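These notes are about the structure you will find just below.
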């Protein structure tokens, strides 16, 4: 009996040591795994950040992956032009050349088959080129803040010949500029600085935000993306709410949420290139009537940054790490993400008492 007890005790001790080793190993693994949650309103550039991580840390897009983006890019180009043409009547803008009215009819007749096949026929290419070149369409494009038009419209429409070529293969820049509405939860894993990152992107539309709660568990850091250039635009969902106001409300709810007391909060003030171009034409006061500064990129960008950072109600214990970004610029995102990773590592060490 005594021997049997001793044997059982030894086995129990061995089992306990195995469990302890497993727990230590699991604890170390969890410390090396960084869960990054990408949040922000629709059109803030979250999905482009995910693509950049694939380019920078996961080998990029091979030939087959590039080819898979062709139908989406064709759709983006066609959709942009059809939005412009539809907006002409609403904005009371006429074609400069009356013949373009027939081309507009042809555009709507030809787009369905083109989108389903993922290719632009020579006939459709001619129609699209003539419409896009018309001064009336260009005037309508210049007023795109008055209707919904993606940022990539001019990029694709200025390069229709290349995109419509039968042997067209999207470039990395084409892919970065492509736009597809994120629905559900998209995860991307990669390794950097001996850490395993799990980047989670969830849709920014109002209808998608109810899914965010499912991603909150175990979050190491949040990257909140802001569309700097959206200060004069309305939400796609209701065409009334200011995109910037919606972004500020959303950031307030995330920044001051009890879920994220010990979570690093990184603010990506994105689309700085578009803000730099737009601020020369449209004053920041259309969004912030109290703004009295110059309509320059430098002053406007800092003012917007302050609006977000001032929402932090726990400044003594919680720091916001802000970066101005251009999500389509790989070198910029690579530099910023390197700095972000260092902050995350330091904050993790502080949290576990090693710093």
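Positions of Cβ are set from backbone N, Cα and C atoms, glycine also.
Checked against Swiss-Prot, the range among 325-330, 331-336, 337-342 recorded as region 'G5 motif' is 325-330.
Swiss-Prot lists region 'G3 motif' for one of the ranges 157-166, 187-196, 197-206, namely 197-206.
Applying an 8 A CB threshold to same-chain residues 6+ apart, the list for residue 47 (Mg(2+) binding site) reads 180, 182, 186, 201.
The number of other Cβ atoms within 10 Å of the Cβ belonging to residue 182 (Mg(2+) binding site), over all protein chains shown, comes to 18. For the recorded site, residue 182 (Mg(2+) binding site), the DSSP three-state label reads coil. Sorting each residue of the region 'G4 motif' (266-273) by its DSSP state yields 2 helix, 5 strand, 1 coil.
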